[in-house]
């Protein structure tokens, strides 16, 4: 009986702490969105945890992020911006006893999607369910047949999934 009580208490504490983190992140993300500029691909560490939670929703509904229009760079050339979902970075968590799901994230340094394991206790939904979906949404430097060939090449590999 005590084990059940401890398990319920642990679940309650995790949900309270998770809700507090969500409220803090949503408040910070709301203030950052007004003057947000695209993150340069050469600086992936500039993405913060607040930016990663901006696309979060409640109730388990999956919403597709809107495709953002290209914004001119300093040289006058148009450089396409990545959707927020493509800026997601897998983070280390401490979800003790949690199940882990295989998911994909876009790595702008390699310009490809990479697998990782995703703890079920996280409420974020920015990670991609499949490599193909990830590559189709985030890869901007190739078009048409070249893009399809690259997606098949990257997604056909079966790399080791790293823990996130």
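Backbone N, Cα and C atoms are what each Cβ position is placed from, and that goes for glycine too.
According to Swiss-Prot, the feature signal peptide maps to 1-18, an assignment based on sequence analysis. For 20-84, the entry in Swiss-Prot reads region 'Disordered'. Annotation comment: Swiss-Prot describes 27-36 as compositional bias 'Low complexity'. Residues or ranges marked as disulfide bond by Swiss-Prot: 86-138, 95-121, 113-134, 131-155. Summarising the annotation, Swiss-Prot assigns domain 'BPTI/Kunitz inhibitor' to 86-138.
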Problem set entry | Winner by Cβ contact number (other Cβ atoms within 10 Å) across the disulfide-bonded residues 86, 121, 134 | 134
Problem set entry | Whole-number Å value for how far residue 95 (disulfide bond) lies from residue 131 (disulfide bond) (Cα to Cα) | 24
Exercise. Among all the protein chains here, how many other CB atoms are within 10 A of the CB of residue 131 (disulfide bond)?
Worked result: 21
Exercise. Once the chains shown are all counted, how many other Cβ atoms turn up within 10 Å of the Cβ of residue 155 (disulfide bond)?
Worked result: 18
Problem set entry | disulfide-bonded residues: 95, 138 - member with fewest neighbouring CB atoms within 10 Å | 95
Problem set entry | DSSP state at residue 134 (disulfide bond), helix/strand/coil | helix
For this session: Please work out the number of neighbouring Cβ atoms within 10 Å of the Cβ of residue 113 (disulfide bond), leaving out its own Cβ.
Result: 25
Problem set entry | For residue 86 (disulfide bond), the three-state class that DSSP assigns | helix
Problem set entry | From 86, 95, 121: disulfide-bonded residues whose CA lies within 10 A of residue 134 (disulfide bond) | 86
